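This report refers to the structure that appears directly beneath it.
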Amino acid sequence: MLLEFLLLIGISLSTACPSECRCAGLDVHCEGKNLTAIPGHIPIATTNLYFSNNLLNSLSKSNFQALPNLQYLDLSNNSIRDIEETLLDSFPGLKYLDLSWNKIRYVPKLSTAPNALVSLNLVHNEISRLDNDLVSHSPYMQTFLIQRNRIQSLPHDFFNSRMVPTLKTVKMAGNPWSCDCRMVNVKQFADSLFAHSNQNIFIVGKCFFPKGLRNYVFRNLSIENLECEKPEYSKTDDGMFKMSCPNNEMEGYHYDSIFLENNKEARHTAHFARDKDGSLLSNGQFTRNYQCAFYRQKQSIHMQKKMQASSSTEPPITTTTMEPMTTSTMDSMDTTESVVTMTTMPEIDTKIVFEHKQLDTTSRDGETLELKCEASGEPTPTITWLFEKQKLTESRKHKLTKNGSVLKIFPFLNTDIGQYECVASNGEESKSHIFSVSLKESEQPVIIDAPMDTNATIGQQVTLRCNAKGFPVPDVVWLFEGIRIPRRNTRYTISDNNIELTIEKVTRHDSGVFTCQAVNSVGSAVATANLLVGAELTEKVDKLLDDSTIEKIAKEAKQKVEKALSSTKDQQRMDKIESPNDLSKLFKFAINLKKVDLGKAREIYEESIRLVQMHIDNGLAFESAMISPNVSYEAVLPVSYVQTLMEKSGCQTGQFAESCEDHCFFSKYRSYDGQCNNHEHPWWGVSEMAFMRLLPPRYENGFNTPVGWEKGKRYNGYEVPNARKVSRVLIGTDETTPHSHLSAMTMQWGQFIDHDLTLTAPALTRHSYKEGAFCNRTCENADPCFNIQLEADDPKLHTGLYQKHPCMEFERNGAACGSGETSPIFQRVTYRDQLNLLTSYLDASGIYGNSEEQALELRDLYSDHGLLRFDIVSGANKPYMPFEKDSDMDCRRNFSRENPIKCFLAGDVRANEQLGLMSMHTIFLREHNRIASRLLEVNENWDGETIFQETRKLIGAMLQHITYNAWLPKILGKATYNTIIGEYKGYNPDVNPTIANEFATAALRFAHTLINTHLFRFDKDFKETKQGHLPLHNAFFAPERLVSEGGVDPLLRGLFAAPIKMPRPDQVLNKELTEKLFNRFHEVALDLAALNIQRGRDHGLPSWTEYRKFCNLTVPKTWSDMKNIVQNDTVISKLQSLYGVTENIDLWVGGVTEKRTADALMGPTLACIIADQFKRLRDGDRFWYENEEMFSKAQLRQIKKVTLSKIICTNGDDIDRIQRDIFVYHGNSTQFYEPCESLPEINLNMWTTCCDAMCSSSSTLARNAIGGDEKAKRRKRRHHHSKKSCHDKGKRRKSGDRWNHSNDICVECMCHDGEVWCKTNNFCKSQV
C-alpha cells in the first residue's frame, strides 16, 4: 500500500486543509475570516501560513501543532495581547514572523534555543518591554522592526557584536525613547553596524526624554550625550539610609525610579526596602557608584497596584507600599516593571529634519553624478527632486534609489548645470534644500605606468601593465598587432580594472606588438611593448621542420585516428551486449556521420601536434630551460604550419550555413539546427558548435591536457585528488532523505529539458591513438583515454575484474575545431573546446531532432496531416514512439530477453536511457498528434507541413512556459529567479544564448543529487503495482518494460506521487549511482559522481572558488572560511583531507556541498550559473513564446494556461487524478489530487485561420527554385515519399493499401513509404 510505503521511508504527513481556510500547495490562507482561535489540523508540510485580519487575542503553543516546515507566519492585524514564552519551539524552521498591528504589550523569550528567524515585524503594537534575549536568540536575524510602540529603553546587551555580520535592517522610530545611559549599548551597536557596511539601516528615531534632548535625532548624538542622573543620598528620621533620584523633569508624569550600575540595572546583595516615592532604603550605607533613571508614565495612566503572579506573560507589577525587599526581590527588578494602560501615546514631534544635505558640487562631462538628500520625521517623509524648479522623474537619464533619497544622473552634460532642489514632505510638513551643480574641467588621459618590452621562454607566464590617469577616469583597452583583445574566451586574462594583461603560457605566436590604449571622453593615450618568445628554440624548430615533414605528420595522424575509429566500430559489432553499460557505449558511438567528421577533425589535429612533439624531441637536443613543462608543441610551430595541419585534418570546414532567404518561413518557424534565429549573430545557439565559456579553461598545458593528466603534478601545493576517491569519501551515501514538498517529476523534467539543450560530442573511439590499445585495457593517460585509477582499498577491486588494469574506463569527450573567428588572435593557439551537438535554444529539439533529416525520420509523411509516426499503440489505443530501424542502437541486444523489442526512436538519442524519460517522450509524442489533429479540424486549408510546424512551434512554447513558470522558481528559489532571471522584457539580439560549458558539464548535473534509488510505479489507486517499484539499475535501456509492465501510467504516477531525494551535503548521491550505475549481475558498475568530476577536468573547468568569484560571492581562503558556506563540519573536514586547499575544489563537488539558498535545491554558485544560462536562453531567443511577434495575444493567453499536469492527464492511458502543480509533492494523501477535467485546458480554436498565408508549400518550392540547396531539395522530396510502392510475398502494393497478413483478420498491414507496417487489431487484443 502507498501509506505503508511512505511510512517505511519516514513520511507521515497530515494534509487536511482546515475548513475555514484555503490551501494552495504548501500555503494555507486564513486571512479575513473573523477567527478568534487558530483552527486545528493545519497540514504538517505547510511552509507559509497567513492569519492576518482576524480577531485572535493570544498566542500559545497549544494553539498550534508542531509545524517543522513552516517558514512564514503572518499574524498581522489581529488583537493579540499575550504571547506564550518559547512559542517558536513549535516552528523550528520559521524565518519570517509578522506580528504588526496588534495590541502586544510585552514580548517574552520566543525560543529555548537559537531559532531560525530572519525577519521579525512588531510594528504598531503597545509594547513597552522586550525580553533581553529576543534578538540574540535569533542568530540569522536580518530585519527587526518595532516602530510606533511604547518602548522607552532596551535591556542592556539587547544588541551584541555577534549580530553585526547578519543584522541588516533595524527600524525603531515612533517610540518615546529615553536617551540616557541605558541607550549607550544601542549607540555602540549602531556605530558597529554602520562600520561593517554603509548599506545597513539602523533607525532609532528621536528622543522624547530628557527634555534637553527632546526631538534630537538619536543617530546624531554622541555617547557623551547619553547621561543618567546622579542619585541623592539622605538619612531618614528613623536612621535608614535613603537613595533617591532627582525628579526635576517629572511634572505631569507618574514614574518609577530605576537604579543602574555601569549603565545596567543594578543587582544587589544587601537587603533593601522600597519607599512609596520609589527611593531605596537600606540599614547600611550605599557603597557602590550608582546612577538613576526613570520609567515615565503620563498623568492619565491608571496604575495597577497589585503584584501579579510571576507566571504571567507580562512582567509582575511592583508594589508602592513600603516593605522589606530581599535579595531575590531586588534581583527581579531586572525583569519586572510596572504594567500600564496608556490612553494616549506621548506626542512625537512631526518636524522634518534633513539628516544629510547635498552640498554644492561639480561634475565632468559624460560621468555619472550622484546626489543625496536624507530626511527624517514622523511620518517618514518622501523626497522629491527638482532641477531649475522642474520636477525630475525616473528615466533612462535620471535614476532614483534608496526610496528616492539618491538621484543618479548619467551622462552628466552641459545642460545639467544649474540649481537643484530636494523637497522632503510627509503630509504634515514640507522642507526643501537648494544647492548648485557646476561643470568641472576634464583631463586628457596620460599613461603613468607603461608596458615594458619583454623576452620570454615558451610556456612562461607574462604580465604586462598599463595604468593611466585622467578625468573622466580613462578606460584601458588592450590590442595585439592592432586587433583588440576580448575579455573572455581567449588565453589572455585582463584584470577587472583593465590595468594588467596576463598570458598564462606564452607561445611563439604571442611574439609581436602589444598596445594599451587609455580612452576617455576628452581624448586618448597609447603605449606599446614588444614581446619576443622563445627566439632561440623557434629558430631551431624552423630548421628541423619543412612543408613535406608537416604533410607526412598530418597523413600519419589521420591514419591513426581513422584506424582507431574503425577498430572501435568493428569491436562494437562483435561485442556481446549483456548490460545497460554495454548498450550505453553502443549509443555513445552510434552518432550521425556528419557529427563524427566534425569531432574527428579535431582529434586528427591534436594527434598531429603529438607527432610533431615526437619529431622535435627526437631531432633536437635542447635545454629544458628553453621551454616550460606541460606546454603543447603547437606553441613552437609557425602559424603557416598550424594552418596546414588544420586544413589537412579537416578542421577548417564547419557547419553548413543556411541562407535564411525564406523570410516567410523563418519569420514564423525555427530551423532545426538553430540557424536563422539571430540575424546579427548567426552562429549563436546553433547545433554542432562549441560551448561558450564563462571563464577561460584550466588545462594542464594551457592547451588541451586536463588537470591530473600528469601524475604527481601539484596545484597550490597539492595534487588534485583521485575522482573515485572523492566519490567514495564524500559523495556516495547509503542513506537518503525524501524531500518534504517536491515531487520526483522535478528531477524528471530537469532531465527532459537538459536533453533538449545539451549533448556533448563524445569521444570517437575507445582506442588509444598512441598505442592502439583499448581504453579499458590500459591505465595510461593517452588520448582519448583518461581512465580513473582505482585505489587499493576500493571495493571494485574485490570483483577481480580490475586486477590487471585497476582503473575505471573513461574516454575524453570530442573537441571542436575552433571558434570560426578569423582574427589573428584566434589563428594562433586555441585551447580545446567541446562540441554541443544540439541547439542551445529551448525549442523541443528533444522531440523533433536537431536536423531536418531527423525530423523527417520521425514524421508520418503518409497522411500529410502533420503527425509524428508510431508503430504500436497501448491498450488505450494511444501510440508509443516508433522503433529504430536502421541504427546500430538495438535494445534487443540488452540482457532482458523475455520480451525483446527494438529501441524507441525520438528526437534525442538518449530517449531510451531510463523508463521515466521514455514516458515523457511518449507523452509529448501523443500531445503533438493530439494538437495536430485538432489544428487540422479547425484549419482545413492547412497542409501537413503547416500543421506540423505550427504544432512544433506550440509544443516548444509549452516547454518554455512550464520550465520558466513552474519548474525554475522551485529549483532556483523564487528570490534567485526574480533577481537574476526576472520578468521578460523582450528579445535582445546581443544576448548570447549559447550553452555554457560550465552549465552543461557541472551546474545542471546538480539534478543527480535529486535521484531516488528506485523508480516508483503506482496503480490507479496509488498503490504499488504488482510488478513493484523498479530499482534504478534495472530501469536503464529497457523499453520492453514500458510496453509489457503497465505502460506509461504507473511510471508517471510514480513521478508525481512520490518525492524527490532531498539534496544534502552529507547525502549527495545515492549509491545506486556511485556503486551500481549500469550494473548487471557480474558487470562492474560505473560511478556517476567520479564521472562528473573527471568530466569537469576533461573540459578544463576552473575550480569552484573561481566561479564563486565570477558570481560575486565570498571566496573562502581558509577552511575556517568554509563554515558559512558549507555549514557541515564533517563535510568541510572531508574536503580538506581530499583537496588540501579550497582553491583546488572541483566545481561540481563544491557546488553540491554548498549550503542551499532559501527555497532552492542548490547553493548559490550553481544557482548563479543555471540562472545566468536560462536568462540568456530566454532573452537571446527570437522565437521565445512571449515575444509579441510569435503568437497573438489570444494565443498567448491560452499558452499561459498550459500545465504539465493537464498534458499528462490528456495523454496518459488512464490517469484521472493529479495535483494542479505537478512539481509539488503532497505526501501520502490523495486529497490534493484534482479530477483531470477540472484543470484548465488550452483552447486551440485560437489557432483558427481562414485566409492565413502559408509558408510551407509555396515558400519551400520557391527556395528550391532560388537556391537549389540540399536542404530545400529534401523538403521537396518529402511530398513524393508516399508514391513509393511495396512488395509483399511477390505482390506489388500501392502506397496506402491495407490488407490482412496471411489472411489473419487480427493482423492488418499497410504500405507506407515503400515499407510494410503491420499491427494487431484492438478487438483481437481484447479477445486475448
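Yeah, the Cβs are placed from backbone N, Cα and C, and that goes for glycine too.
The model shown is predicted, which means the values in this text are computed figures rather than measured ones.
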With reference to Swiss-Prot, which of the candidate residues C1111, C1209 participates in the disulphide bond with C1168?
C1111
Taking D754, D756, D943 as the options, which does Swiss-Prot list with T839, Y841, D843, S845 at the Ca(2+) site?
D756
Of C775, C779, which cysteine does Swiss-Prot list as the disulfide partner of C785?
C775
What number of additional C-beta atoms lies within 10 angstroms of the C-beta atom of D843 (Ca(2+) binding site)?
29
Given the Ca(2+) site D756, T839, Y841, D843, S845, its other Cβ neighbours within 8 Å of the Cβ centroid, in chain order, are R670, G674, L757, L838, S840, L842, A844, G846, N850, G956
Need the DSSP three-state call for N1300 (N-linked glycosylation site) to compare against my parser.
strand
Which has the fewest other Cβ atoms within 10 Å: N34, N403, N1228, the glycosylation sites listed?
N34
N455 (N-linked glycosylation site) -> DSSP, reduced to three states, gives strand
In this predicted model, what is the average pLDDT of the domain 'LRRNT' (17-45)?
83
Using Cα positions only, nearest of the glycosylation sites to Y841 (Ca(2+) binding site) (N34, N220, N403, N455, N1300):
N403
Here the glycosylation sites are N77, N403, N455, N1128, and the Cα closest to that of S845 (Ca(2+) binding site) is found at N1128
Counting other CB atoms within 10 A of each CB, which of the recorded positions N77, N220, N776, T839, N1128 comes out lowest?
N220
For a three-state summary based on DSSP, what are the helix, strand and coil counts in the domain 'Ig-like C2-type 2' (445-532)?
3 helix, 50 strand, 35 coil
State which of the following recorded positions has the fewest other Cβ atoms within 10 Å around its Cβ: N455, S845, N1112, N1300.
N1112
Quick one: pull the CA-CA distance for N34 (N-linked glycosylation site) versus N1128 (N-linked glycosylation site), whole Å only.
45
Show which residues of the chain containing D756 (Ca(2+) binding site), separated from it by at least 6 in sequence, have their CB under 8 Å from its CB.
L838, L842, D843, A844, S845, G846, D908, L959
